[in-house]
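**Q** TrEMBL lists A:294-303 with the feature compositional bias 'Basic residues'. Annotation source TrEMBL lists compositional bias 'Basic and acidic residues' at A:308-319. Marked as region 'Disordered' by TrEMBL: A:294-319. As annotated by TrEMBL, transmembrane segment applies to A:12-29, A:58-78, A:85-104, A:136-153, A:186-207, A:213-235, A:242-261, A:273-291.
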Amino acid sequence: MGTALLGSLESGVIFAIMALGVYLTFRILDFPDLTVDGSFTTGGAVAAVLIVNGYSPFFGTIAAVIAGIIFGALTGILHTKGKINALLSGILSMIALYSINLRIMGKANIGLLGEDTLLTQVQTASSGLGESLSKYSIVLFVIVLVILIKLIVDRFLDTEVGLALRATGNNARMIRSFSTNTDNTIILGVALSNGLVALSGALMAQYQGFSDVSMGIGMIIIGLASVIIGEAIFGDRSIRRATLAVIGGAVIYRLVVALALRVGLSPSDMKLMTALIVIIALIAPMMINNWKDKKKKDARRKQSASEMKAHLEGGKNNA
Amino acid sequence: MLKLKDINKIFNEGTVDEKIALDDIQLELKKGDFVTIIGSNGAGKSTLMNIISGVLIPDEGTVEIDGQVVNNLKEFQRAPLIGRVFQDPMAGTAPAMTIEENLAMAYSRDKKRGLRKGVTKERRILFKESLESLHLGLEDRLTAKVGLLSGGERQALSLLMATFTKPKVLLLDEHTAALDPSRAALITDLTREIVDRSGLTTLMVTHNMQQAIDLGNRLIMMDKGRIILDVDPEQKKTLTIERLLKEFERIRGEKFASDRAVLG
């Protein structure tokens, strides 16, 4: 496997964790949550600060998840208790988090090169297994991690609380009449989602070797692209299928970006590319359906016309 | 079981659009009572349902369910006590979720929701059994998404879900009005069957006078936010549409305003 391809796969799988978070809000809760752009950075910032201050990378990563959960919950509270529109609550959190992230880091960029991170630990642990295997240690580690998270998410959405959460996004009035406080399920859902996003940010900072205050910009669109691409390619018939599709979507997105860079696009074009991918992915299914519909109707019309003709001719023969 | 005392509700109070929705309502249902409510549009029937279920809060008066004043309880807090079926067949179920998942949510209505699985083997058996009572073959389609069901099937499922945990009060808000006549008849039969079997205390709003006369042991007529007629179980046995209309004209001194009530 080429190094570039391996690199895209690794970062794609790390982004998949973030995409699973976006799936929770965007699809399950029907809550377009823009906190993601802020909380992804928060994850990276918290992990980086703790790691350079000598805490264990594991502790730093867990702390990042908790920070994401807290800020996600705040967005949920703004929306449910403050009655602020869902989009606006996310934007407010995202903007506020920009300042908070700078406060957490104390500067715009923290380097982690030479520091012990979760990923260097994995590499060290696997170095005894021979070079051919240790080359793939990181990608194997993140794949196992993302599958584990997927299974936990699937299982959670099957629990009584999980069912109530899904119903909140599907028919809120109905689940209220079955004694669920939909404010709480929304806050819980947005909190968990941002916990996953922050985990993804924390891993990304450790993977790329630095945390940057702007590393989360455009993250929500990458998450949406992953969800939409994944569902379009792999289907979303059940929750299990959809979560797997989202992971696949994130990886494919990453590979497409790598390909685009190779054919000469510059990294600064990537945001535009992502937006275009999402736009196409949103519009294409509708256009394909319309086109199929029209084809079907044309075929039917043609058939009924030829039947009519046959009928008329048959009538002539009889006469 | 259900007791409404001095209920008043005014919409848009103090503006030109002011509307007295409920005017000093007194109503008491004994355990096992099945009361049908009729009345023309704007009589306050739906407002009454919303006040009982906690969607609306009364300006004055108290709502008491099973001896407990529930005025300060929000809709989701009262929900363990109340089962409700809406007019819209889409309103009572979650379309993107499966039949068994929907039933699991109904099952958890009067319990604390936790991290147990919503659909377990034992529960699935229970769900199957209760679906069989609908005679619609839904018991063989446990993992089908509810969005794929017809309006009648969805309303039957809503009815089953609303009554699954044997609520203290069952509220039916014109729950057959959006269905075609044969489906409506099916749901009406199911309603009678389920309410009889569990002896549920039931309040049913309907536009259909014949249905109001056929079902239940007591009938209430509402007009302009008041209860203008309360037919007790003895009188109800011999009640006809003609007598109801005459009664209305006698009380109000005007013709009943809605053709739909007679024909619908």
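Note: Cβ is positioned from N, Cα and C throughout, glycine not excepted.
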**Q** What residues in the same chain, six or more past the boundaries of the transmembrane segment (A:273-291), come closer than 8 Å to it by Cβ-Cβ distance?
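**A** Residues 218, 221-222, 224-225, 228-229, 232, 253, 256-257, 260, 265 contact the transmembrane segment (A:273-291) from elsewhere in the chain.
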**Q** Cβ pairs under 8 Å with the transmembrane segment (A:58-78): which stretch of A:12-29, A:186-207, A:213-235 has the most?
**A** A:186-207
**Q** Could you give me three numbers for the compositional bias 'Basic residues' (A:294-303), the DSSP helix, strand and coil residue counts?
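**A** Across the compositional bias 'Basic residues' (A:294-303), DSSP assigns the residues as follows: 10 helix, 0 strand, 0 coil.
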**Q** Using a Cβ distance cut-off of under 8 Å, indicate which of A:12-29, A:186-207, A:242-261 has the most pairs with the transmembrane segment (A:213-235).
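**A** Top-ranked stretch among A:12-29, A:186-207, A:242-261: A:242-261.
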**Q** Excluding the flanking five residues on each side, which residues at least 6 beyond the ends of the transmembrane segment (A:12-29) place their CB within less than 8 Å of a CB in that stretch?
**A** 36, 40, 139, 142-143, 145-146, 149-150, 153, 157, 165-166, 168-169, 185-186, 189-190, 192-197, 199-201, 203-204, 207, 219-220, 222-224, 226-227, 230, 236, 242-243, 246-247, 249-255
